[in-house]
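*Asks:* Per Swiss-Prot, the features are:
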BINDING   D34, D86, E158, E160  Mg(2+) 1 binding site
BINDING   R47, R70, E158, G231, D233  DNA binding site
BINDING   D179, D181, D233  Mg(2+) 2 binding site
COMPBIAS  332-351  compositional bias 'Polar residues'
REGION    1-104  region 'N-domain'
REGION    122-253  region 'I-domain'
REGION    336-344  region 'Interaction with PCNA'
Amino acid sequence: MGIHGLAKLIADHAPGAIKEQDIKNYFGRKIAIDASMCIYQFLIAVRQDGNVLQSEDGETTSHLMGMFYRTIRMLENGIKPVYVFDGKPPQLKSAELEKRGERRAEAEKMLAKAQELGEQENIDKFSKRLVKVTKQHNDDCKKLLTLMGVPYIEAPCEAEASCAALVKEGKVFATATEDMDGLTFGTNVLLRHLTASEAKKLPVQEFHFNRILQDIGLTSEQFIDLCILLGCDYCGTIKGIGPKRAIDLIRQHGSIEEILENIDTSKHPAPEDWLYKEARNLFLKPEVVDSSTVDLKWREPDEEALIQFMCSEKQFSEDRIRNGCKKMMKSRQGSTQGRLDSFFSVTGSLSSKRKEPETKGSAKKKQKTGATPGKFRKGK
């Protein structure tokens, strides 16, 4: 789910913290990607005939096609992707997962009704609501990435939290995900639409966390409280408090505790046994991968093993897979050039008063570390 309405709130209150970029601007960057979010996007994608991609025995293979071609697109643009897979969900997420189960059950009823009435638009809509990323989907994608020579990490808990930890450690440049809670976990840079379909022609949205805090006038702890008020995966929210009121209250009172002391709780009741403190602590001190124990390496693809897996087992076209392997090999030759800014050290910093700061300048030091050869170990 992420954080309700956070992207719009940032666009309204801190537009200077968002940059639109072309994918080619990330040449030489190491980027941590929320794998589950990607796989979900690939699974709900439908072809022009309205059907998902399947093998002859009816097994869905949309996730493999998406992972293969989107990863190649990133490699061709000089990006060094590392996929981060979710571990066990935190206990605080159990209520949210229960709600999702209820919504899925309701979607099943609505789907059956739409099928009975022959309403194709509703059939498509409710079918997507039933999509769930399974262990098999994850295992398929991990095998594919290994054969492609692309590293992945298994997070101990939430993938976005481990992505953010890698960014904060200066190990990668950014977190790529569609969920905005990567910012709540403190990633310095968050990228949206990096793995979107090329056909959609969506520019990459680049959010800068420190600039967001500066422009909306909050500390990182206050930003977490704001996100809890907006609505997150780990607890409920105060009734009747929308985004505009939430940011006004945080600016005025500074914390959820002070807000509860000063609002009319008869009009704006908080949830019973509200676990906002636990949610805050989860954002502040999440269970994350130990970046000192991982060593990321990008290797040559194993072409024959890819043919065996993707063609013999999953029935993809051999010509297309071999062509993809050629593109990967070619991209490896080009990526050795590296980023120009990795050869220079930077002194001083840009003034915070600048209206439109150049993203490359304002993040150069972090980008420099993100572009250096890895000190990671591939998570297995």
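Here the Cβ of each residue, glycine as well, is placed from N, Cα and C on the backbone.
Source: prediction; values computed, not measured.
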*Asks:* Given the model, what does the mean pLDDT over the region 'N-domain' (1-104) come out as?
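*Replies:* Computed over the region 'N-domain' (1-104), the mean pLDDT is 85 on the 0 to 100 scale.
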*Asks:* Within the same chain, and leaving aside D34, D86, E158, E160, name every residue whose CB is within 8 angstroms of the centroid of the CB atoms belonging to the recorded Mg(2+) 1 site, in sequence order.
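*Replies:* What remains near the Cβ centre is S36, M37, V84, A155, A159, A161, S162, C163, T177, D179.
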*Asks:* Counting by DSSP secondary structure, give me helix, strand and coil numbers for the region 'I-domain' (122-253).
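*Replies:* The breakdown for the region 'I-domain' (122-253) reads 69 helix, 15 strand, 48 coil.
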*Asks:* Could you check the binding-site residues D86, E160, D179, D233 and say which one's CB has the most other CB atoms within 10 Å?
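*Replies:* That would be E160, with the most Cβ atoms nearby.
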*Asks:* Out of R70, D179, D181, G231, D233, which of these binding-site residues is nearest D34 (Mg(2+) 1 binding site) by C-alpha distance?
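*Replies:* Of the binding-site residues R70, D179, D181, G231, D233, D179 has its Cα closest to that of D34 (Mg(2+) 1 binding site).
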*Asks:* Quick one: give me the count of other CB atoms within 10 A of the CB of E158 (Mg(2+) 1 binding site).
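*Replies:* E158 (Mg(2+) 1 binding site): 29 neighbouring Cβ atoms within 10 Å.
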*Asks:* Determine, from DSSP, whether D86 (Mg(2+) 1 binding site) sits in helix, strand or coil.
*Replies:* coil
*Asks:* Given the binding-site residues R70, D86, E160, D233, tell me which ones have a C-alpha lying within 10 Å of the C-alpha of D181 (Mg(2+) 2 binding site).
*Replies:* E160, D233
*Asks:* Counting Cβ atoms within 10 Å of each candidate's own Cβ, which of the binding-site residues D34, D181 comes out highest?
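*Replies:* Going through D34, D181 one by one, the largest Cβ count within 10 Å is at D34.
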*Asks:* What is the Cβ neighbour count of G231 (DNA binding site) at a 10 Å cut-off, with all protein chains included?
*Replies:* 19
